[in-house]
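Trainee: Just dropping this structure here.
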Amino acid sequence: MKISPSILSADFANLQRDIELVEENGADYIHVDVMDGHFVPNITFGPDAIKAIRPVTKLPLDTHLMIENPESYIDDFAEAGADIIGVHAEATAHIHRALQMIKNKNVQAEVVINPGTSVDSIYHVLSMVDQILVMTVNPGFGGQSFIKETLYKIEQLAKLKVENGYKYDIEVDGGIVPETAKQCKAAGANVFVAGSYIYSAEQPKKQIQLLKEAVE
Ligand SMILES: O=C(CO)[C@@H](O)[C@H](O)COP(=O)(O)O
Ligand SMILES: [Fe+2]
């Protein structure tokens, strides 16, 4: 079980402090939400931000690309220091090519699906991915409520993993708090992204512990 705090809800003026805070308190990854203002109605980090964050932490950078034409930027994010790169199946007509490009850079390849996208649509790339991100909210913003209908897709992916001997991790992102994390774990998820639950709290350290206890 892994916890991946999303710095989307961190204090951008104190990113180093907020990354160190979660690293010192048991985070497994740092989740970086990259938004382009086209695929989602919000704009955040680019490759230069990843490059700046890279030396600040030893944790893997779990990079969630919410951008159109991800193929145009995969090399830049890989060279900037991303350890996992996630591309949305909805963001490209060439998801297989995009995932192959990530693998060619020796970076872990992740496919991401929105709440309205079916598991069937990524069936043919399941054998090539290291991680699948099941969005449990519609992407673009932190602080939204968990969409419970996504649980069925986690179950489907967990079943396909066992049946086919696949190795992928199943990550969930959006509206994750201890209660929803438990539901996702029961369905088969093993990587939990949390932004506002950790960073909007008075004591982020305690929140990470509560999340960990919920899924251990
Ligand atoms: O990808 C996204 C949003 O698009 C996320 O990673 C958010 O940062 C999650 O925020 P919370 O729902 O945990 O506040
Ligand atoms: Fe994310």
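Positions of Cβ are set from backbone N, Cα and C atoms, glycine also.
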Trainee: Given that TrEMBL annotates HIS31, ASP33, ASP173 as binding divalent metal cation, state which candidate in HIS64, HIS124 belongs to that site as well.
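Mentor: The record-listed residue among the candidates is HIS64.
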Trainee: Based on TrEMBL, name the residue from SER6, SER118 that is recorded for the same substrate site as HIS64, GLY140, PHE141, GLY142, GLY143, ASP173, GLY174, GLY175, GLY195, SER196.
Mentor: SER6
Trainee: Taking just the CA atoms, what is the gap between SER6 (substrate binding site) and HIS64 (divalent metal cation binding site) in Å?
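Mentor: About 10 Å separates the two Cα atoms.
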Trainee: Taking only the binding-site residues ASP33, GLY142, ASP173, GLY175, which have a CB closer than 6 angstroms to any atom that belongs to ligand 2?
Mentor: ASP33, ASP173
Trainee: Rank the binding-site residues SER6, SER196 by the number of other Cβ atoms within 10 Å of each Cβ, and give the residue at the low end.
Mentor: SER196
